[in-house]
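> Below you will find the structure I want to go over with you.
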Amino acid sequence: MSFPCKFVASFLLIFNVSSKGAVSKEIRNALETWGALGQDIDLDIPSFQMSDDIDDIRWEKTSDKKKIAQFRKEKETFEEKDAYKLFKNGTLKIKHLKIHDQDSYKVSIYDTKGKNVLEKTFDLKIQERVSEPKISWTCINTTLTCEVMNGTDPELNLYQDGKHVKLSQRVITHKWTTSLSAKFKCTAGNKVSKESRMETVSCPEKGLDIYLIIGICGGGSLLMVFVALLVFYITKRKKQRSRRNDEELEIRAHRVATEERGRKPHQIPASTPQNPAASQHPPPPPGHRSQAPSHRPLPPGHRVQHQPQKRPPAPSGTQVHQQKGPPLPRPRVQPKPPQGAAENSLSPSSN
């Protein structure tokens, strides 16, 4: 490599090292500042007092060298996007901190002669506030748990009766054996917030745990509800079965009554022949000649002789009861002539 090339390379290397040293020195001299996410923060300039000799105060982000606020005498104050506010004493307010606001901020102050009288860098870091810790315990194995749900890089500390017993980040589990009753304090904190909670734990020497008692009571209640539902179901089934039986009996009785009502018209003619006299026609009045149907009247002599042969024998009661099925048609019975008419008909023959 030629001498001019070596000289240029050495110059660039020296310049690069010196610039890195300046940046490192600037970050090392920066004032570390912590801000809470979603909150406002004021960047106060230490060891600075505003005077009439100050002409220019300028704030910028060191990451992109971008001006975000500026105060100049007899000129309007510049503030970017309403996210910043610059006070007359040089303090910069950053509103509603967000994650991307985490950066380094540099302030430069000049007097009326243009001389740089002060430069200061702030290294802003943002964290989420911690939530209040929660304490829970069980008396069966004398174990206590403390935990924090929210917060950036939380730090938990547990104290028993004022004595520090444990340190952790998110969850602390502690088993105590000194006594059955104790006072516990759990604190959670980070760079921007701190929360604490205190509980007095008292466990009985002998007896059931509260959770066991609740479980037994709950199980007993469920058992009682189940038994009540079972009794109600059985009672309802019995009522339904009884109602169904009653309906079946009623339907059966109605059917039997309907069948008996249908048989009655066929049984009435069969029972009437038991009283033959009631079924005969009423005797005709005296002097009336009875005639057989579809026959001409015969002479008196023949009428007396053939009249007894045309009377059919009356059916007996036993025959009526032995008959089964529908009743058979009966022959028409010829009415018996009155006694006076018979004597009148016989008198000419006797003469």
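Cβ coordinates are placed from backbone N, Cα and C, and glycine is handled just like the others.
For reference, Swiss-Prot lists these features for the protein:
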COMPBIAS  243-262  compositional bias 'Basic and acidic residues'
DOMAIN    25-128  domain 'Ig-like V-type'
DOMAIN    129-209  domain 'Ig-like C2-type'
CARBOHYD  Asn89  N-linked glycosylation site
CARBOHYD  Asn141  N-linked glycosylation site
CARBOHYD  Asn150  N-linked glycosylation site
REGION    61-75  region 'CD58 binding region 1'
REGION    106-120  region 'CD58 binding region 2'
SIGNAL    1-24  signal peptide
TOPO_DOM  25-209  topological domain 'Extracellular'
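So where do these features actually land, and what's packed around them?
Within its own chain, the compositional bias 'Basic and acidic residues' (243-262) is flanked in space by no residue lying at least six positions past its ends with a Cβ under 8 Å from the stretch.
For the domain 'Ig-like V-type' (25-128), the model's pLDDT averages out at 90.
Just so you know, the Cβ of Asn89 (N-linked glycosylation site) picks up 13 other Cβ atoms within 10 Å once every protein chain is counted.
If you draw a 10 Å sphere around the CB of Asn141 (N-linked glycosylation site), it holds 8 other CB atoms from the protein chains shown.
For the recorded site, Asn150 (N-linked glycosylation site), the DSSP three-state label reads coil.
Taking H, G and I as helix, E and B as strand and the rest as coil, DSSP gives the region 'CD58 binding region 1' (61-75) the counts 0 helix, 8 strand, 7 coil.
A Cβ distance under 8 Å defines the sequence-distant neighbours of the region 'CD58 binding region 2' (106-120), meaning residues of its chain 6+ beyond its ends; these are 31, 43, 45-46, 48, 53-62, 73, 90, 92.
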> I need the CA-to-CA distance for Asn89 (N-linked glycosylation site) versus Asn150 (N-linked glycosylation site), whole Å please.
36
> Which number gives the other C-beta atoms within 10 angstroms of the C-beta of Asn150 (N-linked glycosylation site), all protein chains shown included?
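Counting Cβ neighbours of Asn150 (N-linked glycosylation site) within 10 Å gives 13.
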> What whole-number Å value do you get for the CA-CA distance of Asn150 (N-linked glycosylation site) and Asn141 (N-linked glycosylation site)?
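Each residue's Cα considered, Asn150 (N-linked glycosylation site) and Asn141 (N-linked glycosylation site) end up 28 Å apart.
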